[in-house]
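Database features (Swiss-Prot):
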{"type": "BINDING", "residues": "19-26, 81-85, 136-139", "note": "GTP binding site"}
{"type": "BINDING", "residues": "Thr26", "note": "Mg(2+) binding site"}
{"type": "DOMAIN", "residues": "10-204", "note": "domain 'tr-type G'"}
{"type": "REGION", "residues": "19-26", "note": "region 'G1'"}
{"type": "REGION", "residues": "60-64", "note": "region 'G2'"}
{"type": "REGION", "residues": "81-84", "note": "region 'G3'"}
{"type": "REGION", "residues": "136-139", "note": "region 'G4'"}
Amino acid sequence: MAKERFDRSKPHVNIGTIGHIDHGKTTLTAAICTVLSKAGTSEAKKYDEIDAAPEEKARGITINTAHVEYATQNRHYAHVDCPGHADYVKNMITGAAQMDGGILVVSATDGPMPQTREHILLARQVGVPKMVVFLNKCDVADDPEMQELVEMEVRDLLKSYGFDGDNTPVIRGSALGALNGEPAWEEKIHELMKAVDEYIPTPDREVDKPFLLPIEDTMTITGRGTVVTGRVERGQLKVGEEVEIVGITDTRKVVVTGIEMFRKELDAAMAGDNAGILLRGVDRKDVQRGQVLAKPGSITPHKKFRAEIYALKKDEGGRHTAFLNGYRPQFYFRTTDVTGSIQLKEGTEMVMPGDNTEIIVELISSIACEKGSKFSIREGGRTVGAGTVVEVLE
């Protein structure tokens, strides 16, 4: 089995195919798996296996996504492909499948289309750092001048959304040709993966980022002090280090006097651990669910921010009606709901269920957040939308 050969010592990168409907995203995903399977670093996948994407839930929203994995000489990749446009929007905004980079698929027969633009904008908003372009269907649109024009158009489009359009690699190929085993087109898949290897940066591992733990619960241990519990979101923490309690009340620094996991004492807690953190000189009433413990200076509390949001459709459990300027739902960050008001961008009268749009949010109390923080929008405990912080304002 090809599966045995995955080498976990290679750097891991999360990637995804984006682009307009029917431009060949899923065919390309299948082609990458199939071509790399011949080199023994992937399992061959048929189009239908990828297209029948299973449902998953993220932040209370159902999304269809297909996950495949493959490796090149240099890296291990987890690749996400979504069957429908709405799934892409939801996926990017909820961060259900984190993307460290994207493969933008554009058909050479059509050029950039409305969803091409929308996906580029979303990628920009949610912080996808770089993309590689695959100009697909070059076996059909085989006029080099036409391909040249489409390539220029894509580069200009990338530039208009703040990507480096001049230096973005553009590979001209045919996903279907490669899937059918035509050597010239298979070579283009190798060329694409080489560009992805070289152009898309390796992300920092979660463990190497500044420490952050969202507080889920607090308790007092007689004679020892206050313990907060939660799952470490990123970074690592050692006994004796200082952390800040951020959000809701004024930020304060405290010293960690103990770390426990499954009733065992530890020297350190790392990303992914569910841990209890013992804090020196803190009263239980001074800490609460919804705050975070963080490396001092790494994250600050904010009340006002710009965000990109998706409003759930009625059949997804969302609202039945549009919401207007001044709408006041709850914003669920990590472990808690905070009420806030929504200001729509100029020229937007209302937000209909199923829309995605940019808004400004003002919360009633400050919460630890930064560019890229994810949240749900809730109304009486049910999720009616999801969002990503694009920029903190105050």
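Residue numbering: from 1, along the chain as shown.
Placed from the backbone N, Cα and C atoms, the Cβ positions cover glycine too.
Remember, it's a predicted structure, so these values are computed and weren't measured experimentally.
Mapped onto this structure are the features recorded in Swiss-Prot.
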residue: Gly19; record: GTP binding site; Cβ contacts under 8 Å, 6 or more apart: Lys25, Leu104, Val105, Val106, Gln115, Thr116, His119
residue: Asp22; record: GTP binding site; Cβ contacts under 8 Å, 6 or more apart: Ser107
residue: Thr26; record: Mg(2+) binding site; Cβ contacts under 8 Å, 6 or more apart: Thr17, Tyr47, Ile50, Asp51, Ala66, Asp81, Pro83
residue: Cys82; record: GTP binding site; Cβ contacts under 8 Å, 6 or more apart: Gly16, Ala53, Ile63, Asn64, Thr65, Ala66, Tyr88, Asn91
residue: His85; record: GTP binding site; Cβ contacts under 8 Å, 6 or more apart: Ile21, Gln115, Glu118
residue: Cys138; record: GTP binding site; Cβ contacts under 8 Å, 6 or more apart: Ala108, Gln147, Arg172, Gly173, Ser174
Intrachain residues whose Cβ lies under 8 Å of the region 'G4' (136-139), provided they are six or more past its termini: 23-24, 27-28, 105-109, 147, 172-177, 185
Structural state census, the region 'G3' (81-84) (DSSP three-state): 0 helix, 1 strand, 3 coil
Whole-number mean of pLDDT values that fall within the region 'G1' (19-26): 93
DSSP residue counts for the region 'G2' (60-64), split into helix, strand and coil: 0 helix, 4 strand, 1 coil
